[in-house]
Ligand code: SAM
């Protein structure tokens, strides 16, 4: 199997790319190697890959000093192809057939865990938010998204891309946009550019209740981003009291708030709802 080129393996298994599964494959081993390298030193790390597809990035991860790779793939055709790769790497590659949206990644491999993936674009954001909730149990993530999503994750306040995804991501992790790739790097090429974001979880674990409060806060604030916060936060109860307690002017708009200011608001919201 490892002697077959990716194109040969794809042809043998009839793995023609399906749009419904967000399939845009990376077939150039040097590009796959560069993405794996962006994850840093993987010595003794347990790597979780989501959506390995034909396994280009998987092969690069297996070439690293990672302890093992556990890969979750929804497409049965790809799972059959990957079974051959697993047989060629006994004990180092486990393929799980399933929907990553329904799987708790912390059950897949012990710590220290890294998630490394060229994500299916249609479910990239919900997958990310699920992992941010569990970021304390993850050592790091190196994830490819559509460039527009990568820019929303890493956006600064007072920019059009700044919103819920930026606040949740940057609240839980240091986020770095590490690499941009043109459509032609993929087969078939998507319509847009892609980009890799590196996530380094912050030491402090907010816990479930505060994470949920932050989700409610950012949903309300950015749900009506043109409104002043004293109006936008009304759905959460005493908006004026909440803002005053967090030391934030009610006339400000969500996109002007720093992540630290959102943190204060989420803590106030939690304190008032218990
Ligand atoms: N990693 C491969 C590569 O770089 O060539 C494939 C990347 S492709 C963008 C996304 C992969 O995720 C596809 O193989 C697709 O079948 C898989 N996928 C889509 N939805 C999924 C889900 N909910 N759970 C697990 N895998 C999924």
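The count begins at 1 with the first shown residue.
Just so you know, glycine gets a Cβ as well, placed from its N, Cα and C.
Because TrEMBL annotations are produced automatically, they should be read as predictions rather than curated entries.
Not measured: the values here are computed from a predicted model.
For the S-adenosyl-L-methionine site, TrEMBL lists 24, 26, 51, 73, 118; matching the candidates 41, 44, 99, 104 against that entry yields 99. Taking Cβ-Cβ distances under 8 Å and a sequence gap of 6 or more within the same chain, the neighbours of residue 51 (S-adenosyl-L-methionine binding site) are 22, 72, 73, 74, 100, 117, 118, 119, 120. The secondary structure of residue 24 (S-adenosyl-L-methionine binding site), as reduced to three states from DSSP, is coil rather than helix or strand. In terms of local Cβ density within 10 Å, 118 ranks first among the binding-site residues 24, 26, 73, 99, 118.
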